[in-house]
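What follows is a short report on a single structure.
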Amino acid sequence: MRQIAIYGKGGIGKSTTTQNLTAALGESGKKIMIVGCDPKADSTRLILGGLTQKTVMDTLREEGEDIDLEDILKPGFSGIKCVESGGPEPGVGCAGRGIITSINMLESLGAYESDLDYVFYDVLGDVVCGGFAMPIREGKAQEIYIVASGELMALYAANNIAKGIQKYAKSGGTRLGGIICNSRQVDYEHELLEAFAKELGSQLIYFVPRDNIVQRAEINKKAVIEFEPECGQANEYRALAKSIDENKMFVIPKPMHTDRLEELMMEHGVLG
């Protein structure tokens, strides 16, 4: 069983990418569980056809500790098992704690004991704070992929996440599997992302082009592969899934200084 965490800045398309990627893996016959690690609890809605899933934290609050796996785990497209960790009520407590509680709960209920090929953790945002670092800090996820684009703030966030991976890699055994570009159609984006990944000592594992069908599928509460399986974008997600399934390059990243990051962007005509 491979345990993979997907990180990236807020709004980069991390949850969309994760769900379309897992739909492609599921279609190919892989057994998958997605654990949504975002208080918004939107990591599984395309797999579940728009079903707003009750989160682990809400279930615990309403029903106490005596819960069954079926209460928090729902099957969706291609039999993909879906869990949303959720978080505390707004303004109260640390959302990262929800991730810790959820993973511990899933372990105690035997969720990891089935014949899974993959567990994906879709993790909130720009910071790798204590709670959100849980999947890598505790060595739950052995592989990390960072979703980025050719925009400055996306690369700042990716570089910060690389710092977090570097910090925990030595103790937890986690490695960076690569950068996934979710294209924003920025000039020289492909070249910039390849250079950025190389600078980290990693690879651009896949460049996902921008296509409006992704939004159309989202409005219809489906992954692209379910919504329009024969379209070009569905094949892009299949190719991304194949790249990750066959990946053999796992590194401790070498994050760069901010000055070097800005220099890299100037070299590729993004700044200046």
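Every residue gets a Cβ built from N, Cα and C, even glycine.
Per Swiss-Prot, the features are as follows:
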- GLY8, LYS9, GLY10, GLY11, ILE12, GLY13, LYS14, SER15: ATP binding site (BINDING)
- CYS94, CYS129: [4Fe-4S] cluster binding site (BINDING)
- ARG97: ADP-ribosylarginine (MOD_RES)
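On the structure: features taken from Swiss-Prot.
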{"residue": "GLY8", "record": "ATP binding site", "Cβ within 10 Å": "28"}
{"residue": "LYS9", "record": "ATP binding site", "Cβ within 10 Å": "24"}
{"residue": "GLY10", "record": "ATP binding site", "Cβ within 10 Å": "13"}
{"residue": "GLY11", "record": "ATP binding site", "Cβ within 10 Å": "10"}
{"residue": "ILE12", "record": "ATP binding site", "Cβ within 10 Å": "25"}
{"residue": "GLY13", "record": "ATP binding site", "Cβ within 10 Å": "21"}
{"residue": "LYS14", "record": "ATP binding site", "Cβ within 10 Å": "25"}
{"residue": "SER15", "record": "ATP binding site", "Cβ within 10 Å": "24"}
{"residue": "CYS94", "record": "[4Fe-4S] cluster binding site", "Cβ within 10 Å": "14"}
{"residue": "ARG97", "record": "ADP-ribosylarginine", "Cβ within 10 Å": "16"}
Problem - Three-state secondary structure, which DSSP defines for GLY13 (ATP binding site) - result: coil
Problem - Separation of alpha carbons, the residue listed as 'ADP-ribosylarginine' and LYS9 (ATP binding site) (Å) - result: 20
Completion exercise
Whole-Å Cα distance, GLY10 (ATP binding site) to CYS94 ([4Fe-4S] cluster binding site), is 17
Exercise for the section: Determine, to the nearest whole angstrom, how far the Cα atom of GLY13 (ATP binding site) is from the Cα atom of CYS94 ([4Fe-4S] cluster binding site). Expected result: 23
Practice task
Could you round the CA separation between ILE12 (ATP binding site) and CYS94 ([4Fe-4S] cluster binding site) to a whole angstrom and send it over?
Solution key: 23
